Structure formats: structure tokens, C-alpha cells
């Protein structure tokens, strides 16, 4: 053992000459002093080690005996095995703040112990149990694991692990530190110590204290009233100072739940809720009936209800009576009808005394017929004349005081409402319709409107509808039906005379029984359709063009007078026709008239012939077969030069003496002129129609009709 004297003896009892006994550590000589003991014939050498060190662990010491330099020395060896205490104990992680409620795993390592050290965990002077301890050994290092969940109470507590060698008493070594536990603030709220619950009245000053325990310290403190955050508002009497809340001159509106919240790095803590109760005078409850409609000699119950503490589980508070809000204020009552007027109050204590009074412009009297239950009272009132309609007043008092403002109810004459006006069906569909009316007098009470929908016989009810407005939208009706609509208004006193309307819903459209095919236009089909349409358009344009051309030809034909058959037409005509011909003027025949035959006369005046002279016909080629030219001498047409022009002359047939005697002469008769056509000139007249006839030309020596403006075409 370290720091302990250790003696190792070695002796040799045989050999000649006497041997020398020495101690060696590997190749180092430790001790060569030996002693001969004659009695035992022994040579002894004792090795004394004053202080063993850790490096002596498992050291091999050899004792050698030798009496010559020739033979190998006799030897024996011993190995040193030491018990060592732990030299190093360490916790990992160490010396860091811990969060309460969060699990941590710590590791404790002990080194240098032989045999292995035993590790234990401690909190203050109390050893901790470690059911999940899983110690490991690696060389001379022993490792232990411990799972630890700190609490708020562990703050400032010493936490450590200890390692000791079980065979060496007093060998324990330890490592640890004082825990710093961080946690969410612990907050509690209480009313100021100078106040007693249930004794706070309106006008008092109140303060709250928010007690906080937190590590680390809080960074924010907030106050809440009925779930809404409060902020400093001196005008409203709210003052916040660190952990205190001051309410100056509290009112009834300051009643309610208060709590505070504190925040640090670990989170936000919320305090308990404290209900602040304030005593106040009674007040009428809201939504009470204020107006009662009562007929003469009718008893009406007028209810007066005051505000009071609604929770019977809460401790008692004191306040003067007050009317509860939202009470019925107006009562419609017929003559001789009894109505119960309800008055509800808020008060603390609730042993309140009610008083009732009727007041109108004509009279004022106390009402003694009423019943009281806690903070609620019902007065029975019956008007007997028109002077009995007016205001009913309810108020009360308790130990705190008298009600400051009474509850006022109004009693008005009431009856059934008047009928609706101007009702009409403004819209209707297959299964719905909409009806609108104008409301009449409500009878002094709140009225509602009702619509009943019947079939055309009035026996089957399709629906019953109610509305607060004289307007109805009805759906889900059968289609194509005639309906009877009954509309009326009603209130608590009855209903008005009904208004009956007749309406009908529309017929449903017939459903298609077949599937309509969808036309799918493909690119090729579209191209074909386009080509067909283009061809049709071209055909239409061609037809229109041909018709227009034909119409122009027809117009030209109509403008050219038809040539009568010269074979059947006499040369003489009536004088009246001749006179008309002279008035119309001569026909001028242009040189390029496209006619089959041209009658050309000699332009020389000397060649004039008598009326009885026949005409000569010239032609190209074979004689013509025209029946008009039969019997006339035919001669070949003489050629003419192209440069010569055609001379035009007036053509007329001679008049007989009888006709000339009876005819009125309007102008001097001009001499008969003849036109000569050069038949040798080669002229190709255009074709007419599809005929392919030979071109012929005729030269006529027949005198034309005298004074007759007629072309020989």
C-alpha cells in the first residue's frame, strides 16, 4: 500500500560456497545486502520499500542467489498487486441551471480505483435511489448514469455523486454543486389586507396584491378583469404599480373576477381568480315589461324585477336595490282586463320591500295588489276607464338604502291588430312565391304576421308561415297549381281579419326524353363545308349575272319595235296613223345595226321611182328564203368601198289620193329618198342566239311609205 513500509524476505539454504542473495526490479539492482544465519545455514536478504507508489502496481521484484559466475543464478519473483482508492470523480454536465419539471440525465465518472469504485448519488445528505443505474467499467474508470427531474423545491439544494473503494475505508471521493432551478412564476392574488370581503361598497378604494415566486425573476406583470387586460387609467380610477392594482372609488361596474399574470424566461404563470363584490343600491333588471295594455275593470299583473347576486354559491354582498335591465316596459291591456306587471331588482341584501304606484295625467294612486318573491314583484292591475292608462312605478329599499331610480312601466290600451293592406304577390316561380303587404295598426301591442297557403279549394293546407315583417317568401310549393293565400296579423289580444289572395305557381318545363347529339366539327369536315359554301356562292353569282344579262337583252328587245310582217301589212294606212307617225319623227337607222337584212336605196335624187315601182333585192350567196321577198327581182349586190359612208334617208310609203285628201298636212312633204347600201362591203354581223345562218343583204328599190316614219327593219 502506498506510504506503508513493506518488507520482503528472501533466503537461500543450500549451496557451496555460500551464495549471494540480491533483489532486482527488471535490470535494476534494488538490494544486495544479505545476512548469513549459521544456525539455519541460511543466507537471507530482506527488501524494505518505504512507500509504494501507483507506478508500483503490478511491478515484478526478483530475488537471485548466485555462488559463481558460471552457472545461471537461482531466482524467484514476486508481483505487486495494490488496492487503490479513486483519484478523480466528475459529474457531466455540471453547474448549469435546470428547468423544473424537465428530465435530465447525469453521468458520474470515477477513475483510479482498484478494485472498481462504487458510485452513489446524493441530494444534500440524502442518498438517492437509482433503479435504472447502469454502471460500466473501462480500465480503471467506472461510469454511472442517473436520470433526475428537478422540482421547484430542489432550488439551492446540493447535488453530488460519490465514488469509494469498498476495500479501502475512507476512500470516498465526490463531485457536485448547488442546484439552480428555473421555473415558471408561481403567482397568487389576494385582496388588500386592510379590506374584508363583503364589506366593500360603491365609492370605496380597493387594491389587490399579486404575490410572485419565480426564478429567474419576472420581466412582465399584467392584470385582467373579466378576461380583459387592464392598463393604468387614472381617469377611470385604475392604477397599476408593480405587483399592486389600485381601484379608486369603485362602482358597480367594477364587480367581477380579477387575476394577475407574471412572465419570465420559463413561461407565464397565472394567479387564482378573486371575485370583487361591491354592495350597491337596487336597480331594475333590464328587459322587463314596461308597458301593460289593460282594459277597463281588467286586472293586470305588473312585474318588477331588480338586479341581485345571481350565484347562490357565492358569499353574500350588500347593495341597494336596482332595476334589472332588459325587462318588459310596455303592457297592452284592454279595458277590464287584468295584467301582471313584473318588476325585478338587483339588491344585496335581498330582503327588500317593494312599493307600487299608478300615475297618469288625471290621477295618481298606490297599488296594493301585488306579490313579492325575493327580488321579484308582480302587481295585478285592471283599467276601468280611459283614465286608468298611464305609468306604473315600482321601487324598493333594503338595509343599504332606497332605490335611486324607480322602474317605470307603461300601460296602454290594447286590442287585436287591424287587417293588412295592399297585399299582393310580387314574384312567383315554379315552386315559390313572394307576398308583400302594408301593416295596419298593431292594436297597441307587438304584432306578428302569418301566411297560410291552401289549395284552390281551401281545404288542403300547404304551409303556415310567420314573420315579424309583412313580407313572406314561400318555397317548396307544387308547380302549376292555383293556391289560396290567407294573410293576417295577430298579437296577444287576437288576430286581424284575414286577407285572401289567389296565386298560382308556374308550370315546370317539359323534360327532353332523348339525348341531343353533339356535332363534332373536324378540320376536314370544316374544309369540305367551306368548299361547298364557296361553290354555292359562285353558282349564285353566275345565275345572278346571267339573269341580269338576260334582263338587259329583254329591255333592248322591248325598246326595238317589232317589225310587222310585210307580206300581210298593207302599204296604206289610215290617215290618223300617218299623222301620228309624223308627230313621232323619223326612225334613224344607224350603220351598225345588227339586223339580218338591210334595205338600201339609191341616194341619188334622180333615181326616185314611182309609188308603183317594185323593189329589187340583192344578196350574197344563194337567194334568201324569206317569204317577204318572194316574187321580187333578185340581183347580185355590187361591192362597195370600205371608205364610203352609208347615207341614211327617210323611208315612207306613198299615200293614195283619198287618204291624202282627208289627211291633215302638218308640214311640207319632203321628196321620197332612197338609201343605197353597198352590198359588196364585207360586213360580218354578230350572231344572235345559237343560229348559224348565211349573212345576206338586200337592196330595195321599193319606195318607202310617204310621210310614214317607220324603219324597214
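In case you wondered, yes, glycine gets a Cβ from its N, Cα and C as well.
The compositional bias 'Basic and acidic residues' annotation in TrEMBL covers 557-586.
Here the domain 'Ig-like' (73-180) has a mean pLDDT of 87 out of 100. Annotation source TrEMBL lists domain 'Ig-like' at 73-180 (among others).
The annotation domain 'Ig-like' is assigned in TrEMBL to 185-277 (among others). Helix, strand and coil content of the domain 'Ig-like' (185-277), in residues and according to DSSP, is 6 helix, 52 strand, 35 coil.
Per TrEMBL, the feature domain 'Ig-like' maps to 310-410 (among others).
Annotated domain 'Fibronectin type-III' per TrEMBL: 416-509, in sequence order.
The region 'Disordered' feature in TrEMBL is assigned to 557-587.
Sequence annotations record features per position, and here TrEMBL assigns transmembrane segment to 524-546.
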When the domain 'Fibronectin type-III' (416-509) is classified with DSSP, how many of its residues are helical, how many are strand and how many are coil?
0 helix, 51 strand, 43 coil
Within the domain 'Ig-like' (310-410), residues counted as helix, strand or coil by DSSP
3 helix, 58 strand, 40 coil
The DSSP breakdown of the domain 'Ig-like' (73-180) into helix, strand and coil residues is 3 helix, 56 strand, 49 coil
